[in-house]
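Before any comments, here is the structure.
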Amino acid sequence: MVNALTTATTERAAPRTRSAGPAIDGRARARRRQAVVAYLFLAPTLLFFAVFLILPLGFALLLSMSRWSGFDLGGIQPVGTDNFRGLFADGSTFLAPILTNTLLFALGTLVLSLAGSVVVATCIDNLRFQGLWRTLYFLPIVTTVVAVGNVWKYMYEPGGLVNGVLNALGLGSVAFLQDPDTALPSVVVVQAWASVGSAILVLTAGLKSIPESYYEAAALDGAGPVTVFWKITLPLLRPSLLLVCVTQLISGLQSFALIIVMTKGGPGDATNVAALEMYRQAFSYGHWGPASAAAFVLFVVVLLITLVQLWIFRRKGEDA
Amino acid sequence: MIRRRFPWLSYLVVVIGAVLTVVPFLDMVMTSFKGAGEAGTLPYRFLPEAFDLSNYRAAMDQLDLPVLFRNSVVATAVITGSVLLTSSLAGYALAKLRFPGRNLIFRLVLSTMMFPPFLFFIPHFLILVHWPLAGGNDLFGRGGAGLTVSIAALALPFLVNGFGIFLMRQFMVSIPDEVLEAARIDGAGEFAVWWRIVVPQTRPVVLTLALLTFVHAWNEYIWALLISTANPDVMTLPVGIQFLQDYVDPTRTMPIVMAGLVLSVLPVLIPFLLLQKYYIRGVMLSGLK
């Protein structure tokens, strides 16, 4: 922008020496015109933000401190922090199992998909036809959650693929989604399976940025592949690992579409997570207040975990 | 070359992983061809006895596929078109025009990426219910169902995308100002500069953003579910198939559900395979999902 202005000034220098006044007026007018045009270009966006971002945020905050379950705006009753206290009251299922499930779901997904993607991404980096492999691993990402959830739900059935493999190995069938002990891990596996592809992409970009000369130097020093992986690849991959950790954990804490499709939170509350509970409170029971309060609590949890992650990675970066 | 050590081990790991990735899709396709009573029975068999196409017909009979397709296509097209247009316009203003409040608006755009979608489900729904002068509402948004019963409800909350604006702005910053200035001196207005010079130069990023938006909009489930619960006429393809799976006996209809899933996945899979390098670049840029 600065460049454009200086260019403009030099090109218009000649007329301005003759009459300084009108030229400055002209420049001010041009700038004003540019501002008007800019706001015209931004008008749809700003209008959208006003109606679908700022108004809803205020509305959600108001709802979280009100009792209201109908659609008549006149019926909103302010109740202060009652909704928030209700979430943490004795006998409330919000902390346990729901919020605990949310954390287990997000952490489990992150660990599985991170381990899988680091191994596969480093291996792909050694191979030919890298684009082909990456495209294959990417298929679950472009597939609707309804397809992913239903296929896996069917595969977990007694007559499905997973139990078929177990039976062929001489093992008994497992009631993956019906048993409260196995339901959450079973859904975690699917979420991790679906998100490995995008983690591979981010890590691949990181691997490509590691200079070949580091590997050559390590080879000259006689370092084995395991040493190379721990001492060179992993430390230099830290920025990409951070990105994967933050984005996967955030999306893990927020997601519930897969759970709606596969278990609807059951059996009991075994796979119920905060976003699903919020959705149910709001749209099954019409409890707008508690649901909005739950949404804000989850938002704060997500924000805190993200900040802690960034802080840990930054501190480690300084130590290294 | 130094990196290429133990290629056999790498091949083994990558191939096993690829099999684990692809097998569920193959199981979906195979099941979609299985006959009645052949799916979900013991012992499990991967291949169908005969490739039975009747499930596809049954899926089309049980679901109003033309309507589901229409709703999905309209919502996806409107969202994609709007996101491209608004991102390009706003991105240009933020990258190349000087005006008071520019930094503030840019920060607002960045902050939109921070708010989680679930925070907006309830207020967005209530705003659509109380939309003035729509669906029987009066000027103050009372009395009717508002926009929740209209197909517009599927698209409205997604018409502008903060990430799209950010992506466009970052790309447009690198266009040299001299080129734009030359066009302005030739008498082109800002709109002409944007349309004739900036838009053609941003074609690759437009394609990337179009693919990202298209895939997300087509696969959107939770919001579409909410809106179709209020009004089944605007049900989209994913919601319709989930509906079928929820309300009909699973052992009998599993092949039909799988046939429906194949039909719903194909419209995204084909453009993805054709243009995957742009889509993959977009995901690498954004670290999305």
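Just so you know, glycine gets a Cβ as well, placed from its N, Cα and C.
Computed from a predicted structure; not experimentally measured.
Summarising the annotation, TrEMBL assigns compositional bias 'Low complexity' to A:1-20.
Under the heading region 'Disordered', TrEMBL lists A:1-26.
Per TrEMBL, transmembrane segment is recorded for A:36-63 (among others). For the transmembrane segment (A:36-63), the list of distant contacts is 76, 288-289, 291-292, 295-296: same-chain residues at least six beyond its ends, Cβ to Cβ under 8 Å.
Per TrEMBL, the feature domain 'ABC transmembrane type-1' maps to A:99-309.
Per TrEMBL, transmembrane segment is recorded for A:103-124 (among others). Here the transmembrane segment (A:103-124) has long-range neighbours at 130, 133-134, 137, 184-185, 187-189, 191-192, 195-196, 199-200, 203-204, 207, 229, 233-234, 237, 241, 244-245, 248-249, 252-253, 255, 259, 271, 273, meaning same-chain residues at least 6 beyond its ends whose C-beta is under 8 angstroms from one of its own.
Look at TrEMBL and you will find A:136-156 (among others) tagged as transmembrane segment. Long-range contacts of the transmembrane segment (A:136-156) within the same chain, counting only residues at least 6 positions beyond its ends with a Cβ under 8 Å from a Cβ of the stretch, are 120, 162-163, 176-177, 186, 190, 193-198, 200-201, 257-258, 260-262.
Annotation comment: TrEMBL describes A:183-207 (among others) as transmembrane segment.
Residues annotated as transmembrane segment in TrEMBL: A:241-262 (among others).
What TrEMBL records for A:293-313 (among others) is transmembrane segment.
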Sequence-remote contacts (6 or more beyond its ends) of the transmembrane segment (A:293-313), Cβ cut-off under 8 Å? 60-61, 64-65, 83-84, 86-87, 94, 99, 102, 238, 242, 245-246, 249-250, 253-254, 274-275, 277-278, 281
